[in-house]
Every structure is written in C-alpha cells, then in structure tokens.
Number of protein chains: 2
Amino acid sequence: MNAFMFEIISIVIAFIAFIFAGWLYKWVEKQPSSNAKIAQVGGLIRQGAKTFLNKEYRVLARFAGVAAVLILVFLPSPIWKGEYMQNILMALSYIAGTVFSAIAGKIGIQIATIANIKAAEAAKNGIKPSFMAGFRGGAVMGMAVVGSSLLGVSAVFMITGDTTALLGFSFGASSLALFAKAGGGIFTKTADISADLVGKVELGIPEDDPRNPAVIADNVGDNVGDVAGMGADLFDSNVASMAAALVMAGALDALSGAAINVSMVFCYAAIGLLASIIGVAMAKIGKHGSPTRALNSSTYVTTAIYGVLTAAATYLFDFSWRIWGACIVGLLVGVIIGIASDYFTDDTKKPVHYVARASKSGPAFTVLSGISYGLLSVLPAMIGIAVAALAAYKLCEPMGDGYAMFGISMAAVGMLSIVGMIISNDAYGPIVDNARGLAEMGNLGDKVLDITDELDSAGNTVKAVTKGFAIAAAGLTVIALLGAFMSEVNTAAAELGVEGLVGFDIINPMVFFGLLIGAAIPAVFSAMLMLGVDRNAQRMVGEIHRQFDTIPGLKVGDPNAVPEYDKCIEIATNGAIKELIPAGLMAIIATLGVGFIGGVQAIGGFLTGNIVSGLLLALFMSNSGGLWDNAKKYVESGHEGGKGSDAHKSAVVGDTVGDPFKDTAGPSINTQITVVSLVSSLLSTLFLTMSLF
Amino acid sequence: MNAFMFEIISIVIAFIAFIFAGWLYKWVEKQPSSNAKIAQVGGLIRQGAKTFLNKEYRVLARFAGVAAVLILVFLPSPIWKGEYMQNILMALSYIAGTVFSAIAGKIGIQIATIANIKAAEAAKNGIKPSFMAGFRGGAVMGMAVVGSSLLGVSAVFMITGDTTALLGFSFGASSLALFAKAGGGIFTKTADISADLVGKVELGIPEDDPRNPAVIADNVGDNVGDVAGMGADLFDSNVASMAAALVMAGALDALSGAAINVSMVFCYAAIGLLASIIGVAMAKIGKHGSPTRALNSSTYVTTAIYGVLTAAATYLFDFSWRIWGACIVGLLVGVIIGIASDYFTDDTKKPVHYVARASKSGPAFTVLSGISYGLLSVLPAMIGIAVAALAAYKLCEPMGDGYAMFGISMAAVGMLSIVGMIISNDAYGPIVDNARGLAEMGNLGDKVLDITDELDSAGNTVKAVTKGFAIAAAGLTVIALLGAFMSEVNTAAAELGVEGLVGFDIINPMVFFGLLIGAAIPAVFSAMLMLGVDRNAQRMVGEIHRQFDTIPGLKVGDPNAVPEYDKCIEIATNGAIKELIPAGLMAIIATLGVGFIGGVQAIGGFLTGNIVSGLLLALFMSNSGGLWDNAKKYVESGHEGGKGSDAHKSAVVGDTVGDPFKDTAGPSINTQITVVSLVSSLLSTLFLTMSLF
C-alpha cells in the first residue's frame, strides 16, 4: 500500500468516528428528561455557554484574521519572493486549523449541555444509566476532536502535499487552543471561586444553591473551561504530534524515495482512533459498579487494543519494529505518568491524607504541604518523559540519520494515540459535575445526590490522571517539535545556501541566553493568567454582593427572588476575554523578540528552556491543584474533623488556591509551549536570515 | 608583577580584613549594656545558637570525614593509579574548605549574638548608635567571610599550584554550605512558624513575648539561619566563582605561558575586598537618617570604588579591558537585579499593595497574588543573567579560544566582588531583628521599639535585595562552573587520549535526558526541605502546647512561670539535623546516578536543567516570601484594616507560607546548584570513563 491509501483510510476512520459520535449524540438525546426545573436551569447553562463561546470566537476570529494575513504576507517566506501559492496554502491551512478546533469545541459544548441534564435525571434510576449518559456525552467530544484532527491533518497533507503547510494547520489549532484554554480557564475559575467565596464561605449556603447568582456561571464555566478548553488543548497536542512526526517523516521519505514513514504515521494515528472507538463502545459499568474503575478499564482496554493492532499493522505492512517500539514506549510511559499523578492526587493515598492532616494546623500548612507534594510530583513525570525520549531515540538511532528524532516524535504519537479515550474520560468530568449541580437545583433528593457525588468524584480522580497525561504528551510533542524546528531550519538553510544547524550547544551563549529567557516565560504566562482570575473574581464578588444586597428576599431564600444569573455570566465572559489576550500575546512576542535578536540558536535555547520550565510548572500546578481539591473532599467526607471544622476551612483555602493552578494556569502552559514551538518552526527562515546577531 | 605577587597581595588584604573585623568586633563589644533581663535573654540566645552550631558541625564533621576519605581514594583519579599526592592534596583542600566555612560561620554567630544586645540597648540613645552596632556587627561577619575565602583560595592555589585542588576546596565550602543553609533554614522556620502559630494566632500574645516557649528558639533561628547559613552560602558562591575563574584562567595561562589571567583574578578579587573594607568603614547614618538609605548608599559607594580601582589596576598592570568590561557588566547586572527584587518586595511599590488589598478577600487571595507576583519577578532577573552572560561572552570572545567562557566567570567574580558589603548588610538584618526581640523582652518601652522596628524593617528590605543578588551571583557562577566542568572533562580526555567535549547539544538525547532530570531536582529538593519544616514545626507546636498546658501560670503571664526554652531549641536542633541530610544527599546521589548512567553529556544537560529550574524556583520563592512578609507588615502598619482585621489574618497566612519559601527552600537552592556543579567537575574523569552509556 502506498501513503495515499493510508491517508484515505485515515479519512474513512475519521468519518466512522463522526458517525459513531452522531449515534452517541442521538443516544444521549433520547434519554428521558422530565423535570421542569432542571430543564430550565440546564437551558440557562446551555445559553450561557453558547454566549461565552460565541463572544470568544468572535474575538478570536479577529485575531485569527490578522494572523492569517500576516502568514499570507510573510510565511513560509515573504510573498514578494514570488512563491505566493505556498503562502496562500499556508494561510488557508492556518484558518482550517482554527476552524476545525472551533467546531470541535462547539460540538463538545453542545453535547455536554444536553448530557448534564440527562445524567442528572438518569441518576434517579441508579448509577448505571447516569454514568452511561455522562460517559457517552463525553465520548461525543472525544470522537469529534480526534476525528477532526485526523481528518484535518490528512486532508491538508493530501491537498498541499507539503509538511510545512501542516505546521500552519497545527499553528491554527494551537493559537485557538491557547486562547480557548486560557479564556475558558479564566472564566471557569472566576465563577467557581466567586461562587464559593460568597456562597460557601461568607453566607454558608451549600454549593450549587440556586440562590447564588454565580451558580449558573459556575456550571457554565465547567463546560467552557473543561469541555471546550481541554478539547481544544488535546486537539492541539494531537495535531502537533502528528505534524511534527510528518515533518520528519516527510524529510526522511524524500531522501529514501519511499513513503513508508509517512504511511506509518497515518496508519498508527488511524489505529489509535479505531482503538478509541472500540474502547468507548465497550465501556460499561455494573449496576453497583465503580465509575472510576469503569473509566480506567476502558483506558486500559484501548491501550491494549492499540498495542495489538499496531503490531499487526507493522507485521502486515512491513513497518519498522524499532519505530513501533518507540511508539509503544511513549504509550506506556503516558500511562505510567498518569498513574503517578494519580498517586499524588488520589484520596486513598498518603499525599491527600498528609495535606488533610496538615490543614488542622491552619491554611498556611494546607498550602505549604500541597505545594511541597506538587513539587515532588514533578520528578516521576520528568523521569518518565526523559526515559521515553531517550529510549525512543536509542531504539531508532541505528536506522540512520534523522530516525532518532523521528522516533521521539513517534513516541509522542504513541502517547497521544489513545487521546480519543482520554478526552472522553475528561469531558465526562464536567458533565457529571454539572449533573450534580442540576440534581441539587432540581431538588432530586439525597439519594440522587449521593449517586451524582460518586460520579463527580470519579471524574475528579480521572481528571488528575488525564491532566498528567496531557502534560506529558505535550512535553514529548514539543521535544519532537524541537526536532521539527531543526528540520525546518535546515531545509531553509539548504535553500538559501547558508550553513545549517547541527544542533544547539548549551555552551553557545546565544543558546544559553534563549534558554534563560525561555524558562521565564511559562512563569510569567501563568502569573498573568492567575492575576487575571484574581482581578476578574474580585469584580464578580462585587456583583454577587450587590445582588444579595439589592434583590429583596434573595438571601433568605424567598422562592420568588430570582438572582440575575446573566450578569455574572457577562462579567465572567468579558473579564475572561479581556484577560486572555495579553498573556497569549506576551508568549508570542517574547518568541519573536528572542528570534529576531538572537537568531535560530537563541530560539533553540528558548524552546528548550520553555519546555523544561513549562513542564515543571504545569505538572506542579496541576497536581497541587488536584491534591488540594481531593484533600478538601476527603475532609468533607468526615476525616480530620469533617465539614465545618477548622481543617475544613483550611482545606477550602487550599482548594481555592488550587483552582486557578489546576484549571487555569497549569493546563494552559501546555498550549503556550506548543504555540511557541510552532511559531518558531514557522518563522525559522526569517529567524535564520533576519536576526540581529 | 607576576601571579605570585598578586596572591601575596590577596593574602595581605585578607589579613587587613581580619584586622578590621577584629577592630569592629572590639568596637561592638565596647558598646554599653546594663539591662539584666536583656543580658539574660541574650545569653540564652547565644547559648542556643552555640548548641545548635556545635551539634550541626559535629554531624557535618562526620559527613565531611567520609567525603574526605572518598576523595582521597577516588579523586581526581583513583588512588591505585599511583598519583596519590594529588589525592592527598585534594582531600586536604576539601577539608580546608569545610573548616574555613565553619570558622566563618562560627565568628558570625559569635558577633551577632553580642551585637544584638548592644543594638537593643543602644536604641535607648536613638537610631544612630543602634544602627551602627547592628551594621558593624554584620560587617564583622562580612569581613570574616570574604577574608577567609580570599585567604583560602590564595593559600590553596599557592601551595598546590593546581586548579583542580581549588575545586576540592570549593566543594568543601559548598558541601558545608548546603547543609548549613538547609539546616539553619529548617531550624529558623520551625521556630518562627511554631512561635507565631501558637503565640500570635492561637493565644493572641505579641511577637517576642517572653511567655512563649519558642521565642528564644525563634531568635536563635535568626542567627543560625540568616547569619551562619547566609554566610556559608555566600562564602560558597564567592569561593566557587573564584575557583571557576581560576580553573579557566589556569588553562588559558598554560597555553600562553604567561600568568596574566590568574593574576587578574586575584587582583580583582583583592580589590573587591578592599572596596568592601572602605565601604564598611565609610558607612554612616544621620541622627534621624533612614537606615535603608544608609545601607544602600554603602553598597553604591563600594560598587563605585570597585569600578574605579579595577580600572586603575587594569591600566597599571596592562590587563585586558575586555575582561574588565565583563567584570563590570556582572557587577552592574547584580545591582540591577537587586533593584528589581526590591520592586517586588518593597512596601511602597505596587505588588505589596496589591497583595495587601487581595488579603481582604481571604487568605487564598493572599497566596495566589503573592505566588503570581513571585512568578513575575523571575523575568527581570533571568533576563539580567542572560544579558550579563551574553555580554561577557561576546566581549571576551575576540580574545581567542576559551576567553569567552572565562569572560562569564569574570562577570561572576565581578558580581560577587562586593560580597563583603552584601554580607554586612545581610547579617545586619537578623541582628536588629534580634535586637527588636530583646527590646521587647527587656521592656525598653515603645520609643525604643519604634526605633528597632524601623531598623528591622530596613533589614527586611535590604534582605530581599541581597537575596536576589545572591541568587543571581550563584546563577552566573554556575554558568561559569559549567565552563569549568567542560574544561575539566577536556583535560581528563586529553590525558586519557579519548575524544573531548566541544559542547552539549540539546538535540543529543543524553543531554536532554539529563536536562529534564536536572530540572526536577531543585523542585524535589525544596519540597523535601519544606516538608521538613512542616514536620518539625508540628513537633514543636506540640511541645509549646504541652508547656502552656502543664506550666502553671504561664498562659496568664505569671512572672514566676518560666517556660522551658531549651526544650524548644532542642526540638528545632534535632529536627533540623534530621531533616537536612536526606535533601542534600538526594541532590548528590541524583548527580552520581545521572553521571554514571549517561556520562558527561548527560551531566552537561543535568547541570543546565538544574541551573535553569533552580534559578526559577529560587527567585520565585525568595521574592514571594519577601513580598508576603512585607505585605503583612504593611497591613500591620494600618493599611487595609490594620492589625486584627481579616486582611491581617490573611496576610499572616501568606507570611507563614512565605517563611520556608524565603528562608529555607529558596536560598538553599543556590547551594544545591553549586554543590551539584562541583561534584560534576570533580567526578568528570570518572563520568568520562565509567558511565553505563
């Protein structure tokens, strides 16, 4: 079979995924719902999420438009050099990347705001139907994201036949993800923190109490942050890993004349989606089964299927077993890193117990112990990524020049192969979280709340694992992108007839210069996002106070007193959009600055510093945040004094600190790293020819 | 003049510093003191500090003994290879490094525990005499540290004539500093946090109230953490910067046959000490002058004198103006970084005001905003270090092979040239902090307390600046040490007849492997220290509760009820010693693991990752900590509700989180980086010949 056939197969499997997603969508929609209150609140959530998304996409469309024009003029090389077709293709690929990402996010929101209602109502009939509604809702998102990334990459590659255009597509996906993740992250935590602060802490009313004017915004936030944002993030990583692998595969194939490496990338990616489809279809839970186990076992099933099918394909199509090995190493390390993050955030393990106990001495100890364990949690993941990269490299090195870096990129593809399953699990979380809120607001009673609580808690546990996984995958992907960057620079250098790169020497002061500045960027980026949440939450707290003070009967729970939910949604929306731009632009401008000052060597260092410190901070923040969240829940379930105790108050402080850590800054860093890597690759020719030094 | 003359001059100036220190010591001792209560409490502090230091040094002596035996057997090359004289010299140099560092720490504690009493009593006569007692006490430490580092380096170099032996001396200084800083840091924050937690938060008694059983331990902690620990840290950096410069200067001189570069290093270092002596001697304060201004202007005077004298020397002895430029760049960047950290921690600037205002919304916002500004504060320092390294490199590159890295090492020497002044300012802090406590316990009245408060606050402000400076200096030093490592590897490779290093290529998977693991180490190291403080503080809180519960009349303030201060000191001491070992060993063992697995390439990456993430975390933690401390003080001075308000309670939580950040983990990371760099340089031959890959 030739490469073209594999591209066709990829497209076919992408469409199978879409059809499956459509079936799941219908299935979810068909589930019964009757409660008027839930329907009403669910409608508000849906409306709020749509409003936010539309506003956000309008702003991003303007940004993307400007970027597309710049790409048209300057990339891959200035348009006045005459090769304008390349520039047009690049700009179109970029736009396609943003549009695909936006559509996937839109579909995710669409289904999530139906599935939450269904899961809430289904909980009346037990854990099984409720779980299935949540999980299948999440799976729609999973299928949509992976299907459209595979379709997009295959289509762009088939049409343009150019790997550089793929980087344009990937950059489109990334730039949208950067803002979607950051914007959604700011929105969700603004609402969450403000609702908790005034509701739970000041007034002592329960979470999800409909009196709280921010409660709908909080539920909207789960959708726009965790569903749309996380979807955009993993869409981005998935596309970037394929793009990086294809850039290198294309270069290798051009040398050998055969298209075997490109074929392999498409074949493995298609199998990954297929395995996820099977895994999702097979997911089930017993009548009294554990939702956490159900989610995890689907992941393991998918992993196993992927391993077997890729081995079969490798045998059948005579692919290299070495590259298969690299791919499997990536996959296994991804699972191991997920398990390691689970250790640091699971409420049956030592770290959560330690933090809960420390909370008895006051909030400072909650914070200190959580930060400490978060910092410790960095080690296993960093070792895992380091070992995966080294093993993939060493496995493929004997195959010849260039194969070693290609091996690393295939490890990233392997790690991301089960991403359809990962997104399904991940989107399940906010759906059942919302379902819990709806059950509370619809007065479905304590038995139903117990069920939704259990589903929600499983969502939290799995979320920690998938976040660890997402960060690790991004880590490996950007290492591969570093290789892609070098490959792009060398192609450009060959065309220009100047000396290419053999590597980035740390002893070279330009590399070191870039390294130090690159390392500072994720710190600044996350600080800007957290300050954005902080500022925005302060505005919203003011608004909640105003409503409680001016709407008669609201505080005491008069059923006729209706809070103005939309005001809170508006504040969260406007604030998020206002705060997301500067942080994203800062990262891009810093890249341009370093590149035009120090050239490609400085950029090599810059990317490296950015990856290293980005991984460090993202892992630290995500895991600390997850740990605090679960420590609070652990105390609430009756340990160390239980609800209302001093330990609980401290644990709530920890959780509040953790909120922007784990849902705003931590997971946005991923995207920041990818964007910066792609900007560098795209501008490699300019940095090579136009830098100050 | 030849190099020998400059070494002699260095030794002479070191002795002048000792004589000056002796004069200052006598001067401080001669200041009047009459209050019996102060004398008694001061005696307890002195006794406690001595007990801790003796215990710590006993443990460290055992560690150093084992390390010396290992060095004797294995370094620079295994003793059975026959060149045992080298090994003996190396082991002796190592021991000398530890002993010099220990003596300097001991002298510092000796004078600090006299000067605190004098400064407290002098405050009765106004700010001027009190300031002078505090400053001159600190200056004894400054002179002792810089004098002994210059003496030690000159003597070892003169006796052995071998730059590798210098690395042994530097490693001695570093390994002692690693444990002294970490141990002192754990001690001081254990005591500080526990005293605050029970005293201020639970019982509402003021800071430094003599009823609190932990109050003496708290004051002892200021001495062992800030005086002895910081002294050891800067002794270490100062020696390491000279050692790195001399290793490279030696290699360059060996090629050219002239000893001009070695001469230059000694000349510049000697001038640095001389400038500090003059700066200290000229320091003064008006009758109603500002102590902050007095401290800062002494620093600027020293900087100016250094610039002029080195220029004169360069002209006179025909040194290279390029290298002089590199040195001055380092010095200026050091000052600029200090000013930048000042911005993030000064209570007249925006960050402190922002954090204080955020505290009104609860402790989570204090923590979040403090962390955010701490992360932002990383940027100017990283840019500063990056620019300094780049400028020094580019300035010296035209001089020929090897001069570029030598230029960076001279920038580090330049940055550390005024370290005598820096230590004086730094040691001033804990002395006046102690004086404040003594004034409180000796009932010297509100007017005296106002004066000591002002002196203390100046100490805090200056401390933030000197910490930023110390971290930046360590950063530049370890970049230079990376050069020294390469130089050592190449010397070894030449002797073994194997291929040397031309650099560390990031694309090399071994380098990347080391990079990722190296980056995780400072995170793990600081987490271990913070958890150590946490565990130790919990033990101590238990003991304080026990005393309040079992000693009759203690809680109500019965003057006959005397708390058992020594019990608290014992807990802090034993806990610190128990907790300091694992963190330090972890860093060293990780280095050995990476080196023996991945060889010199992996170590190159490891050191780079370690430097980058170490700088990031150290700057973040030190600045966040300083910011919270000053935000709390800002609220206490009447802003945002003042003492007792909700904002104040939140600010106290921030300060407690910041305590181990700024005084335990943050500043210990410096030493961790240096130790790891030196271990690598010393073991370069072994890593080159005995690694797994």
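Heads up, the Cβ atoms here are built off N, Cα and C, so glycines get one too.
The model shown is predicted, which means the values in this text are computed figures rather than measured ones.
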Legend entry - Which listed span TrEMBL calls transmembrane segment, if the choices are B:91-117, B:172-198: B:91-117
Legend entry - For the transmembrane segment (B:266-286), sequence-distant contacts whose Cβ falls under 8 Å of one of its Cβ atoms, 6 or more beyond its ends: 3, 6-7, 9-10, 13-14, 16-17, 20, 24, 127-128, 131-132, 135-136, 139, 142-143, 146-147, 150, 153-154, 242, 294-295, 298-299, 301-303, 305-306, 309-310, 313, 317, 319, 327, 410, 413-414, 416-421, 424
Inset, instruction - Report, as numbers and ranges, which residues of the same chain sit near the transmembrane segment (B:59-79): CB under 8 Å and 6 or more residues beyond its ends. - result: 86-88, 90-91, 94-95, 98, 102, 164, 168, 172, 175-176, 179-180, 577, 581, 682-683, 685-686
Inset, instruction - Report, as numbers and ranges, every residue of the chain located at least six residues beyond the transmembrane segment (B:468-486) whose Cβ falls under 8 Å of a Cβ in that stretch; write 'none' if there are none. - result: 167, 230, 233-234, 237, 240-241, 243-245, 247-248, 330, 333-335, 337-338, 340-342, 381, 384-385, 388-389, 405-406, 408-409, 411-412, 415-416, 419, 422, 501, 503, 603-604, 607-608, 610-611, 614-615, 618-619, 622-623, 666-667, 669-671, 673-674, 677-678, 680-681, 684
Legend entry - Same-chain residues at least 6 apart in sequence whose Cβ lies under 8 Å from B:LYS463 (site 'Determinant of potassium independence'): B:ASP226, B:ASP426, B:GLY429, B:GLY626
Inset, instruction - Could you name the stretch, out of B:138-159, B:298-317, B:365-391, B:506-531, B:587-620, with the greatest number of CB pairs under 8 A to the transmembrane segment (B:403-423)? - result: B:138-159
Legend entry - Beyond the flanks of the transmembrane segment (B:587-620) by 6 or more, those residues with Cβ under 8 Å of it: 178, 341, 371, 374-375, 377-378, 381-382, 385, 468, 471, 474-475, 478-479, 481-482, 485-486, 489, 501, 503-504, 506, 508, 510-523, 525-526, 665-667, 669-670, 672-673, 675-677, 679-680, 683-684, 686-688, 690-693
Inset, instruction - Would you kindly list the residues that approach the transmembrane segment (B:506-531) from elsewhere in its chain, counting only those six or more residues past its ends and only Cβ-Cβ distances under 8 Å? - result: 182, 185-186, 579-580, 582-583, 586-587, 590, 594, 598-599, 601-610, 612-614, 617-618, 621, 660-661, 664-666, 668-669, 672-673, 676, 693
